[in-house]
Structures are given as C-alpha cells and as structure tokens.
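Per TrEMBL, the features are:
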ACT_SITE  237  active site, nucleophile
ACT_SITE  387  active site, proton donor
ACT_SITE  444  active site, proton acceptor
DOMAIN    65-173  domain 'Epoxide hydrolase N-terminal'
TRANSMEM  21-38  transmembrane segment
C-alpha cells in the first residue's frame, strides 16, 4: 500500500499525461483522488527588496541611467603580459588529452596566441559595438547593453531580456543580437542583456545572500526603469534560473519565457516508472525516441558524467574564495579554468581531443574576450560566490523550486546540454509549454555556439505566443 506521503510526493507537480499513467498503476483511484485534492493552485514567489552594500539603505535611490564605455589601458596590458610571461606550466601526462582538465600542451598554444596575437584593444572596440549602460539598483551599479532594432514597415517591436550564466558573460549574445534585432519577420526584438551582479561590469554584492531570486528582482526593476511593462525572457545556465524566478515573481510582466537549459523533472514514483519503462516502451511514459537516445544509458549519462563534470560546482558552492584567489591572480590559470568548460560543456566527447575541440565552435578571439572580461574586472571570485549563495541552503526546498511557472514557455533542448529533460517531465514545472524543440546540434552555450538555431527557435516561440494573444 502506498502511504499518503508517498502518493503526495509521487503526484507532486504531475502533468496530465503522467497522471493517467500513474492512475492506471499502483496508486490507482486513490492516487487520482489525492492528486485532485493536492493539486497546487498557481502562485508567485515574493518580490521582496534588497540592499547589497554595507550599512543602511538610504531613503531614496538614484534611478539615473548612465552611458558606459568599456576601456583599456597600456598599464593593464603590461600587467597582463608580465603575469603571462611568469607562468609556470606542468607537463601533460602522456595521451591524457582533456581527461585531466585543460591539456597543458594545448594551453601553451592558447597562451602564446593570447600573448603575441590577440588584440585586446581591437576586442574592446567590438565590445563597444553595442550601447552599454549602468544604473544603480539596490545599491549596486548594474551593467547592461541595450540594442534597439532596425524596424521595418509593419513590424512589431517586442522587448527581450537575455541573461547569461557562468562562466559566460553578456558577450555570449553578440553573435545572436543581429539575428534578433534585424529580421524579415513580422516581429523584431529590442534586446537588453544585463550582467548578473558580480559578473563582468556589474558591481558585486558587498554582503552575503545575493541569489537568483535577488537577480530576478533587480532585473525586473531594470526593465521597469527602462519603461517596459511587458517583455519576453530568455536564458540558459544561471540565466535560466534567474529568468524562471522573474516569471514566478511577476508573471503579469512576462509575455513568454524561452529557455535553452531545462531545469525540471518529474518527482518520486513518476520518475522511477518513467526510467524503468521508458527505454523499452517509451510511448507509455510520454518519451519520444529522441528522449530515449538522449537519456539512456541513464547511469552513464545522468550520474557518472555529472560526477565527472561537477567538481567545480562543489568547490564554488562551498569555498569559492579559496580557489578563486589563484584564479584572480593568474591570467593563465583563469583561462584554463574557464576555457575547459567551453570545451567539455559543448560536447563531452571533446575530452578525447588534444585541443579539447575548442576551436570547432569558437574562435580564440571570442573565447579570450570572455576571459578578459573576467580578468580585467576581477570578477571571477564574485561570480563563483553566486554558487554558494544559491546552494548554501537546501536548494531543492527553496520557494522557487516548489513553485510552478505559469507563463507561456518555449524550451530548446540542445543535444549536448549537460542533462536532457523530456517534454513530459518539463510539464511538472511548466504547465503552459507552447514550444519544445529537439535542437539539431549544440551544447550548453547555445547563443555562443549556435546563434542561428537559437534565434530561429526564439522567433518561432514568440510568434506562437503572439498569435494566440491576438485571437
């Protein structure tokens, strides 16, 4: 017999399809009745407020928006070169490729390019291609780029906020921006890309506790300050968590939410049944053939691989300042730490390559520009602290993790994302899925790797939402 708590856990956040499967199994009619009794009503998470400086919050806040320009200096470049020239390398093990982390032999080649060919002054001009701004919110100078579209006759302009993750930055979106702000479609986007506080050119919090819900609130305030009352959201990695929180806080402001990392799973008995049955009879649990291909063998793809790739997470979620000291002092150490993620998280198979497959999807100029954003701002430690602030308590029981998201949602499932979430599981968190796409290629850094694919998926999702709104 199933206990009441077992049934409650199994039926928590179920979608209609999984409910039918479960009702026909061991839980039966009793489970169905419990589901109807326990079904959660839509709700939001608290908006709250914050102050991220030492001392009391002043009675009034400066809401001015200032233009900002990325700058460099000869002194900055001299210091960088001096540190690079003093780097101590360790020889790689024979045939280790990227299985031990960033291969030292290839690292020497990357650093040689960085030292002798990479032109930071040129890349600063690239960064300044789009308008940058800063404004003070909750005591922090928040950086963002704001790209207005080229509007053609008959086009509707829709605001879109795009949020990056770690170890990325706002620069991840530079390749996709032209595809969103200059289109032949009946809609075109006005895009805002902020830097999460503690990342890049956004000021880091000065007190403990700043997490994704705080970032979400700050970004809502940013959009309000820009005079937007309704807008679309897009994100991956921490950007996915932050935009989800935005949708939970003020759903009335969110026209739609598009994610390229899907943080949702069915819980309890549903998951067990799905995994036991899904490989052999996928249609019974709502899996497609593509789901089966991406999920199984389950232990290999969802347990062992994550254990291999989550060492950084345990460090950053517990003692970020310790490891961060070395990274903040050594540009080569910082580059190795960051670029290894752009290798492995693009495709786990890149671990088998001597060069980590880095230049298959990215140019060294783009990769090193992202590293330089971290280096020149000294933001690696505060960016790592974001893990501790989010995972220092019971992350799974936090209010945002037990609250559904009811705005229209579009999901782009990239084949080399760290974990795959089938659509039937995604319903447990997102009841209103308007679009779910099995992307043809790409991994964790969708906008950076496959900007055209991501732009097309964002566009088709938004058009579906807008079409229904106009009816």
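Cβ coordinates come from backbone N, Cα and C, glycine included.
Non-local contacts of the residue listed as 'active site, proton acceptor' by the CB criterion (under 8 A, 6+ apart in sequence, same chain) comprise 236, 237, 261, 345, 346, 414, 416, 417, 418. All protein chains included, residue 387 (active site, proton donor) registers 20 other Cβ atoms within 10 Å of its own Cβ.
Residue counts of the domain 'Epoxide hydrolase N-terminal' (65-173) by helix, strand and coil are 37 helix, 26 strand, 46 coil (DSSP-based). Residue 237 (active site, nucleophile) counts 23 other C-beta atoms within 10 Å of its own C-beta, drawing on all protein chains shown.
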